[in-house]
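Worksheet for the structure shown next.
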């Protein structure tokens, strides 16, 4: 574990180093005692001994360790808050704070709701929030234990807390009714066992609490509960229902659990009995008797009957009908009211007594009916003559005999039978007939015995032998013989019969009565029998003749309460085969009698808590009676001796007095149950009530307080004291658990079950000599536990277990070399926490020392010190106590000899190098410089300062710590490196202060703080079609002001410009070099398919900052296809009397090229004297008269053939020709050859003479003008000088010290000096739409006509006309292609200097007003100026002739008063350097009349044209304008005409100041519109370069040169 290493000193002293060779573990060994022995080299060797004691100090290297890997605890769900759940215990082998264990619950991983809390010192887990077993039956806690070290160690354990359930939830009853409507209702026709409702019962509790007893109360036995499982019941029909008796039942379902105490709930509901048609109508009486006179008239009311139906609804509606037993037509009844009236006359003699049968039928389904008999007594009146008895015949006829059968002959001498009448029913005489000659009686209709069984006929005989006629009558009695033609029938198909139970055998139950429609016996005689029964053995018998049903045995409703019988009635016809039957169903209901006593079904054992309140439910007694109604209704009473009382109706037993289990724990009660039947029956039951214990007694300790003494070296876990407490309660309420509630500093613990107090840590009297705390005894009740406390005092006895401890170790002392001897240098103090001799301390040196001595802890100087030899002295002082055995400790005393300031500070480094990001926030700490000074005290205090390199204050330095912080923000682009010189000075006085220097090099690191950007928002590029793939198109360049990697920009193509521009894959046809920004094509383009592409290019730096630019690539067309004529030959007929200029035909060709290459220009392959062709339309015109040869006979001579060529306007374009043949046969004949030659000679001579005269005249004019040139030059010079001074003075007045020189060109910019002749409205705009016209292949361009007809073309003497021969043919017939009136002659007058100055001033004021839409004012100014200049009598052409010798008008000189962008900046504004930004931002092109388009085109400047020799080119050359066609082709780019620019002086930029940022010369397409002269006149307002940049592309101050008049040439002038 340890080893020695030898080391030799400078003076050859041998030193030993004790080296640790292994890892120490204080917990294994905390103390080492080593013996070191030294030998010298002598012989024999001498030895020395040294004992080294090593104390191993503790460090926090052990985590707490739980005594269990997992804890389990049980807790009732109704446990009170702060109740202890369990206690965890962990130990840490470390010492001191490293060994103190702190407990906590990891709520992040367990117990998120913080239901539990833990004492961080004791580890006791207690309840923080209420528990609920039903929500969570168990909880798993993660307990963490950590020590109290500086860097604590952790350990964890799991605690499983199981929640014990209590009966705290009453059962829940849910009822679902099974009727179709879902309502609580049942049909009265429901069978026994039919389901009425579904009842589910639930209880969240478990165990015995989960079991639920369900009972049904009410319903008079008509309903019962049928269990399906432990929690599901069905409410079923248990007896027959009769709505007419009772239509509403009140039922109550009671559910109680088996908990202690039991909890119950109930639900009461009403069940409605719905009606069926089971009750027939019932008459008020069965037989009605009424008297009526036989003389009553028809409609006489006899009686009104009424029947009542106990059903409801439609089933209670009754209809009435009458059945006449003998005659159908005597009476009728109203079907609704029951009023019976007569419908035929009555005859007492024939029917003195009439029986009617009234039937009442309800409207139910099926309908039910009942009958009542009405006996009608017909009262006699005197209405018949006397009848002789001897005049009666008797006869009988079988019913249903055939019609015509003769059954009797009546004869009388000399009497004619003339009349047959019926006595009984006058209307039925038709049943019989009589032979008038023979007197035979026969049947006229079939007879029915049941309709009429007897007929009495009166046969009248009339004797006509003498007058008056005599009549006599004879009566015939006809009897109808019956046959069995009717079946028996019952009045009802179904009857319900009620009979009491327990009737003796032979008791009459019911008499069945069937009817038979036959009128005689035995056909109408009936016999009865029971043919079927619902029971195998039927306890009934029926009398076959009377139909009386009687019992054969005793009936018991409780066994069988309903019988269903089928009773059959059979007639007794003689022939068995003719017998007929009918049947009836009878339901026999056994009515209840009180023959059953109540039976107890509830438990005979009950439990009640001793703290039950008076009136609380103790037990629910339930007794059931099989009888129904009042016979089954049970009442209760008891003999509880005054402690309990029972509810006579519900059986609920309640407490009437307070209970105390400790006094009496059991009660026996006799409960009697009685029904309400007659006679009343009863039964008794014995109920045993057990009083359950309630925690109402607290534990009691055997002593009022406990006191003991123990030695402080008592072993951990030893017993200190035994505590005893008792509790009178029983069970868990009487079980006592012990705990400590005061802080014992972790020294003691108590056994929770035995009460034994034990030590948990080593006692230390010096830490605490006495412990006073309280012990608590808790019972184990789960509901309101009770406790009691007792005071415990433990006294700790001392032992010598503490060594002396130095109050300060080490002890530092300072001494000056001049300190006197015996002076105290330092004081050493040590304490011993033991008592008595164990705590007495004595000091000594560990080794002898001659310089110092120690006495009572005071260090005294004994001998002088010499600092040059030794600066510091280290002394070891030993403090020992006087205990047995003695203990000691040592301390180091360092004595320092004070020094002087003789050393400068020393930096740790002479150079510091750091790198700092430029984006570092202000106040950030960059680095820290350090220096040390060997001196001490104030001489060693160092302060730092920056002496150079921080001129701008970017950094600040903390004078004390040397920390360098950022004071101002850094910018890599501004300064990438800093060099700071830092000075360090010590804190001595100013005279002796020492200093040192170091250099700090700071390198600023670049950050991406600058985004790339393009100079312009858009870029226009072009590429020829048919170019190979990967052809370079153009290049982009984005600027990023960052340096290094962040300044490197990569390029990529993002997307098309917009979703409306085209398909998104159009950006795929181009590629871009990500490093250079060069754009290349990825395919070959076809102008005819697509001529423009637009996409967005993104520039991104390394920091992902981006910029975008819109790139538009125009595909330039290439002449690929040759024109094609269809057909290739044209044949035209020259009309008769045709005139010059007349159109004779038109040729047409097509070209598949697009753009300008597809525009066709027609021309003659060879010149023709007679014909020309329009360049745009291809129309062939007659240019001179054509004569055919006189007398020409050849057809070939009448044809003129020439070729017309078609090509595009470009040079070297592809062309094609067609042949045009003109038939001139209709033209006039030409002269003869001789006449034609004479005329030609005459004309030639005349022309030569005229030409000579013209040359002479011109020579004279030139000579005269040569004399006037000098005079005119002097006048103009004078005028220019005056005008220059006048304008300069005016500008000086407006601008102060600024001056500007205006040349003639600048004046031309402001004033149009040409006189527009014959122009009615100078501000008239063109009628052109600005888009060109395309009226058809034969229509000439209307705009071209307007140009041709413009008045300026009528002049013939213009300089432009003189150059006409140099300009190629434009293709328009009879057109000299004059382009403008710029060179037309006009008078130029010069006024006085003041007049010119006034004119220029007015021009200046016009520009100052804005110059927009000022056509009238501009024209007025030009006209006024023209008039003033006219007075000078100077011709414009002369002035122009002189000026153009050395000058050409620049395009910069366009008028700024015509709403161009340049007009927004006036001369005064340029001189002041200010701009009108509103005008600039609102600038837009404005259109001018199309008629003068070529005037402005002629003034366009061609910067690319080389300056020719002025001497050779005295006149400017005008190049042809772009072609204006009659058909506007899409995609044609405007080609501006080019004019040579000749100048022998510096050209001054038009725009001296640009209000926008300068660029690289690229012109944004948004600011430079493209102009087509065929569409609109825009060039007068549009400069050739972008109005926002200078001609060189670089903005800057104006560099306008001012030429002195003396430097101008002869032909130059300055105005």
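Along the chain as shown, the residues are counted starting at 1.
Here the Cβ of each residue, glycine as well, is placed from N, Cα and C on the backbone.
Marked as compositional bias 'Basic and acidic residues' by TrEMBL: 1315-1328.
Annotated compositional bias 'Polar residues' per TrEMBL: 1579-1593, in sequence order.
The average pLDDT the prediction assigns to the domain 'Cadherin' (1-66) is 83. The domain 'Cadherin' feature in TrEMBL is assigned to 1-66 (among others).
Annotation source TrEMBL lists domain 'Cadherin' at 67-173 (among others).
The feature domain 'Cadherin' is assigned by TrEMBL to 178-283 (among others).
Residues or ranges marked as domain 'Cadherin' in TrEMBL: 284-388 (among others).
As annotated by TrEMBL, domain 'Cadherin' applies to 432-490 (among others).
TrEMBL lists 499-600 (among others) with the feature domain 'Cadherin'.
Look at TrEMBL and you will find 600-701 (among others) tagged as domain 'Cadherin'.
DSSP states for the domain 'Cadherin' (702-806), grouped as helix (H, G, I), strand (E, B) and coil, give 3 helix, 48 strand, 54 coil. Residues annotated as domain 'Cadherin' in TrEMBL: 702-806 (among others).
The DSSP breakdown of the domain 'Cadherin' (807-907), given as helix, strand and coil counts, is 4 helix, 46 strand, 51 coil. The annotation domain 'Cadherin' is assigned in TrEMBL to 807-907 (among others).
The domain 'Cadherin' annotation in TrEMBL covers 908-1014 (among others).
According to TrEMBL, the domain 'Cadherin' annotation covers 1015-1125 (among others).
Residues or ranges marked as domain 'Cadherin' in TrEMBL: 1126-1231 (among others). DSSP states for the domain 'Cadherin' (1126-1231), grouped as helix (H, G, I), strand (E, B) and coil, give 8 helix, 42 strand, 56 coil.
Sequence annotations record features per position, and here TrEMBL assigns region 'Disordered' to 1315-1378 (among others).
As annotated by TrEMBL, region 'Disordered' applies to 1579-1615 (among others).
Below 8 A, the CB atoms of the domain 'Cadherin' (702-806) and the domain 'Cadherin' (67-173) form 3+ pairs separated by six or more positions in the chain. Residue counts for the domain 'Cadherin' (908-1014) under DSSP (helix as H, G, I; strand as E, B; rest coil) come to 7 helix, 50 strand, 50 coil. 178-283 is the stretch from 67-173, 178-283, 284-388 with the greatest number of Cβ pairs below 8 Å to the domain 'Cadherin' (499-600). Secondary structure of the domain 'Cadherin' (1-66) per DSSP (helix as H, G, I; strand as E, B; remaining residues coil): 0 helix, 34 strand, 32 coil.
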